[in-house]
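I have placed the structure first, in the form of structure tokens, so that the comments after it can refer back to it.
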Amino acid sequence: MAFARRLAALAATAAAVGVAAAEYNPDATSSVADVAVTDATKKIVTLTDDCDAACGAKVVATLEAAGCTDVVLLAAINYVTATCAASSSIASLPEGVLGAAPAESVVIQGATSYWGLDRVDEVALPLDGQFNVKSCYPKLGAGAEIFVIDTGCRSTHTEFRGRIRSMPAPNSRYPSGEDDQGHGTHCAGSASGSAAGVAPASTVTCIKALSSTGSGSNVDIAASLNYVAERKKRKPSKPLILSMSFGGPASGRPGQMEVAVSRLAALGVVPVVAAGNEGVDACKTSPARVKEAITVAASDASDRIASFSNFGTTCVDVIAPGVRIRSSDFSGDRAYSIKSGTSMATPHVAGVAALILAEQPSLSVPQVLAAMRRSAPNVAGYPLSFVGQQCTPSATPSPEREQPPTKYPNNAPWSRTSRSGKLRPGYGWAQSAFYVYY
């Protein structure tokens, strides 16, 4: 398909310009023996989970001493970003570093009625033309906040009516968070819109990390994730949901963005991610394979899995409507458009998570997943992200498992974890090639 050919071309371009990973060597005398900077570009340094403020300050000082500029410590997710000259060499970084790599390109790809809302509250077809959740979820998502990291949002759209904030990714080149592409506004509407959204009383914060051309840097995504983590640390009791409708090919050890998503989940943020549109096993894409995330496949109005949707019961957690979805458009305050993709399915699930957490804000990520899967109808072999039989807001659902489903093959050397489940030094860093919106 054209999408696969485009990805192949992007990967070939990346190889041609020498976008390469420098691996952490656990036997070396320092965490990174020597990382040569091949381009005058942004770098991302991943710190260990136990790297404290003093540790982070040492890394910042080392980068600045090497001649790097624009050094920023993203303390909430333990990352450091910096711009380093082509002639620089980062050697002997302090202990507490998992790895460093050039910033990657982030690219988005175009996606092709409110039936989606109607489907998530129905046990079976045919649909009844209504979306009734107030008796089960009287707060309608009020008190929950959904973060949509995407192309920004049209903040004046009538779907949001004062419940939205649109901002640029911190320290990015974007002058505002307003949408100039359309993807972000559509996703936000499906999650939180007053007519198009699953959780119409929730608030939504759109963070613009992708440009009008559909490209950007994973540095901006990292900064966006750090912003969400900081907000959760400031207000730990506030329910926060992360909606990420983009992804890319996965290979080797968990990529830097995968580590960041896992860290947000550990803080209590509910990460909802797209399974992808390549028509392959979702375990081959990132961040869909992140075990702590809720990964979403797309279905059509006939309860079939969408022809483009990634699949697989190991990495797909739920399925949701994603074909011919009507939602808010960036072209006007009352404009709407119809799009298809796992991008469109993902915000439906983010909205369901907001409904659940507004009533039971202390639930963990596995408990939220268990709640939306409990009594859910089977759609194309997957549990529907479902609200229709959740009319027991006083009950606390038990996780279906002690841990979320393992999304890495057990025999993969890059999936090793400690007994605590945290990534061990030496196995916590890699990079993915490109991210593409779904």
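Keep in mind that glycine also has a Cβ here, set from the backbone N, Cα and C atoms.
Source: prediction; values computed, not measured.
The active site, charge relay system annotation in TrEMBL covers D150 (among others). According to its DSSP assignment, D150 (active site, charge relay system) is in a strand.
For H183 (active site, charge relay system), the Cβ neighbour count at a 10 Å cut-off comes to 28, with all displayed protein chains included. DSSP assigns H183 (active site, charge relay system) to a helix. According to TrEMBL, the feature active site, charge relay system maps to H183 (among others).
The active site, charge relay system annotation in TrEMBL covers S343 (among others).
Per TrEMBL, compositional bias 'Polar residues' is recorded for 408-420.
TrEMBL lists 142-379 with the feature domain 'Peptidase S8/S53'.
Residues annotated as region 'Disordered' in TrEMBL: 165-192 (among others).
Look at TrEMBL and you will find 391-422 (among others) tagged as region 'Disordered'.
Annotated signal peptide per TrEMBL: 1-22, in sequence order.
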Using C-alpha atoms only, work out the spacing between H183 (active site, charge relay system) and D150 (active site, charge relay system) and round it to an integer in Å. 7
CB neighbours within 10 A of S343 (active site, charge relay system), counting all protein chains shown, number 31
Quick test of the contact rule: Cβ under 8 Å, at least six residues beyond the ends. What residues does that give for the region 'Disordered' (165-192)? 70, 72, 81, 108, 111, 116, 141, 146, 148-155, 157, 159, 198-200, 202-214, 220-221, 223-224, 226-227, 243, 245, 325, 327-331, 337, 339, 343-344, 346-348, 350-351, 354, 437
In whole Å, note down how far the CA of D150 (active site, charge relay system) lies from the CA of S343 (active site, charge relay system). 10
